[in-house]
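Notes follow once the structure below has been shown.
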Amino acid sequence: WEFNGSFYQPSAFLMMGIPGLEALHHWISIPFCALYLIALLGNCMILFIIKTTQSLHEPMYYFLSMLAVTDLGLVLCTLPTTLGIFWFNMRRIGFDACLTQMYFIHILSFIESSVLLAMAFDRFIAISHPLRHPSILTKTTVMKIGLVIILRGMVSLLPIPFLLKRLTYCRKTELSHSFCFHPDIMNLACADIKVNVFYGMIILLSTVGMDFIFIVLSYILIIKTVIGLATKEECLKALNTCVSHICAVLVFFVPMIGLSMIHRFGKNVPPLVNTLVAYTYLIIPPALNPIIYSIKSSHIREALLRALRRK
């Protein structure tokens, strides 16, 4: 412990695996390894197919590439500490290392939320203004949107590590997960955390919250446009292009909202439920997104089959 008057700061935190199932961690690591492997291989495959297939060099697939890179980042952020606990019971993580992991996990989560909003905007333009779509979302515009998304996440979350470093911590240093999460670290402090709570809520609502609202509005406008189409076949064809994105939105936002609510209001929620929701939030979307897009996108599926035939 570092001591300076009444100021205490732990040199390290202790991470938690799955509470009550510590004896089964080696067996539990098998499905986790499978999910991590699917996420790594699936997202790399998506990136490879989009890069090597000229017909996929369109805004929709540029945004899908951003989603795949973000998912890879989330996997690489949590994989070392999660498997370190399951395989070697390596629970200790340095204070600064924990803040760094937390910062990147939250940045990548915010980036994924913004990319999903950009994809919703792309679908709205493609369905509502199909002839103007190529001129509105040019390659340069897509790159600018990507840069704004990254800067938005980095700048909005930059104060969080400094707000945590200023706090005085109690003797309890055990986290609730196998990764570092802002509300989890914040709740270990003995000091007044009102600033952290207020800033965290403001940032969450003004970024992820607004993204979700605008995604819903985009789909309201898409449905309004689709209803006005001449035939039922055109209607179904237009909606079919959105199915993959709707699945990705639900897979990401439902567990994220659930985890945020549990950390802020679910004081009596069993630790096992908290842990399972956290793993669902950070591991399931990166593993499922490549599968969803490979199954539902005929262009991705056809490009994958061509690549396999060449091999």
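Including glycine, each Cβ sits where the backbone N, Cα and C put it.
Here the transmembrane segment (24-50) has Cβ contacts under 8 Å with residues 17-18, 56-57, 61-62, 64-65, 68-69, 71-72, 75, 79, 82-83, 85-87, 89, 279, 283-284, 286-287, 289-291, 293-294, 300, 303-304, 307 of the same chain, all six or more residues outside its ends. If you look up TrEMBL, you'll see 24-50 (among others) marked as transmembrane segment.
The annotation domain 'G-protein coupled receptors family 1 profile' is assigned in TrEMBL to 42-293.
Taken from TrEMBL, the feature transmembrane segment applies to 62-88 (among others). Remote same-chain residues near the transmembrane segment (62-88) are listed as 15-17, 25-26, 28-29, 32-33, 36, 39-40, 43-44, 46-47, 50-51, 101, 104-105, 108-109, 111-112, 115-116, 118-119, 122, 139, 142, 146, 149, 178-179, 248, 282-283, 285-286, 289-290, 293 (criterion: CB distance under 8 Å, separation of at least six residues from the stretch ends).
Look at TrEMBL and you will find 100-121 (among others) tagged as transmembrane segment.
If you look up TrEMBL, you'll see 142-164 (among others) marked as transmembrane segment.
Among the features that TrEMBL reports, transmembrane segment is placed at 197-222 (among others).
Using a Cβ-Cβ cut-off under 8 Å and counting only residues 6 or more beyond its ends in the same chain, the transmembrane segment (243-264) has close neighbours at 67, 109, 112-113, 116, 119-120, 123, 181, 183-184, 187, 197, 201, 204, 208, 212, 215, 219, 273-274, 277-278, 280-281, 284-285, 288-289, 292-293, 296-297. The feature transmembrane segment is assigned by TrEMBL to 243-264 (among others).
Here TrEMBL flags 276-295 (among others) as transmembrane segment.
Summarised as a single figure, the pLDDT of the domain 'G-protein coupled receptors family 1 profile' (42-293) averages 89.
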